[in-house]
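Copied over from TrEMBL, here are the features:
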DOMAIN    B:32-213  domain 'ABC transmembrane type-1'
TRANSMEM  B:42-60  transmembrane segment
TRANSMEM  B:67-90  transmembrane segment
TRANSMEM  B:96-115  transmembrane segment
TRANSMEM  B:147-175  transmembrane segment
TRANSMEM  B:195-220  transmembrane segment
Amino acid sequence: MRSENPIQQALTWLNDPLNWTNPGGILDRLGEHLWISAAAVALGCVVAWPIGMWLGHAGRGGSLVVLISNLTLAIPTIALLTILPLTFLGFGKPPVVVALAVFAVPPLLANAYTGVRSIDPEARDAARGMGLSGWQVLGRVELPLAVPYLAAGFRTASVQVVATAALASFVNGGGLGQIISAGFGLGISVGGGQILAGGFLVALLAMLVEAVLAVVERVVTPKPLRKARGRAARRAAVATGSA
Amino acid sequence: MSFRLALQESPGNPWFSWRYVQDNSDTILAALREHAILTAEAMLIATAVAVPLAVVAYWYRPLTGPILALSGVLYTIPSLALLAFVAPYVGTTNPGSVLIALVLYALLLIVRNSLAGLNQVPPEARDAAQGMGYGRWGRLFRIDLPLALPGIVTGLRLATVSTVALVTVGALIGHGGLGDLILTGFRNNFYKAEILTGAVLCVVLALVLDLLLAMAGRLLTPWSRRAVR
């Protein structure tokens, strides 16, 4: 049936300008994908950063952070994506954003917690000795010193959300995954190229986000902290599984 | 975007119903079986590939970077995209497509944690083994791997839990185990009981397998019991 191999089909599909500009084409889907992902990461940050930093500041809840990471690892994305629209959130984008935000929370939380925990106690003592209150220590000493960790968590969470957002297509939630799902719907002989092209676009986007945020992470990390932090963040990532 | 009043609390669509479970026990068990088998196969293959990779990275330091980078790239690729890459070649209705995607995805977690475990082997233990005349392979099987077991088990546990969750993605091609239940329920007029049964069983399966692996790890490393806080 097929005259060309899937890669050629994919190139042909990508080469058709209408596949880019049509309603529901690549550009539409890309916009949806980025919008959903950005909203989910933002929501995750709003929830996870204050809690993680506060737990780190108070020095409690380390086991809670690990528990949350392990639990979310066990929850299938598809379960949340299908369950949330049937709750008070209703259909459309909000349940998708919330579902993705749930998976953004563990890396954000773990890194915020580790970031504040791993600050040299002497810096904290010095701030206390200078007469800063608990909140001032958190805001003026711990927050700035934790920025590299926050950036690392942001990167991990963002890449993961962008990757997971592809699954929104299972519930017709939009995004680039929609292209893959539509391809599978067409069947292999017709849709093979489209499946491959969609997969390529999703993977490319995830890698791009990873690369861009790696640069951002480097820029916001003060020079003396760069090497030590890289090692520490990797440890934190191992501890949480960061998936 | 907004609330759909028609779907709220319609009495005929509860979140859980024993009746559904009883009437469909065959389907549910079949889905659970497929899920467990896919997970087991994926984990066996991934372990068989990842642990030797970790050993290679441990023996030949210059290869550590490339091996971690390669598995990292595979891990960054979204699961759906991996499935999309594999399916056109293996077949869109072939469970093998799901299996390959799962294996590729599980590699990183096992490689990274196994390598961390191997790197934590105390240098004194290695020196002592060398002094006792162990060769490279003897040391690997008698000293390095047993001492790295906690790290390896951690990797296996993380990989297993995330694999169980990931199998559901296979629902896209009809081989997602419990994911099939979830997605069928959603497509079948939002049949809540079916969705929730699939989701809950999925989480339970992940937790049970995690517990079993943790127990196996404890049994295999009796010497570390006191060391682990």
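Our numbering is plain: 1 for the first residue shown, then up by one each step along the chain.
Just so it is clear, glycine is given a Cβ too, placed from its N, Cα and C backbone atoms.
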Considering the transmembrane segment (B:42-60), which listed stretch of B:67-90, B:96-115, B:195-220 counts the most C-beta pairs under 8 Å: B:96-115
Tertiary contacts of the transmembrane segment (B:147-175) (same chain, 6+ residues out, Cβ under 8 Å): 34-35, 38-39, 42-43, 46-47, 50-51, 79-80, 83, 87, 92-95, 97-98, 101-102, 105-106, 109-118, 120-122, 125, 182-183, 198, 202, 205-207, 209-210, 213-214, 216-217, 220-221, 224, 228
Spatial neighbours of the transmembrane segment (B:195-220) far in sequence, C-beta under 8 Å, 6+ residues away: 15-16, 20-21, 28, 31-32, 35-36, 39, 149-150, 153, 156-157, 160-161, 164-165, 168, 177-182, 185-186
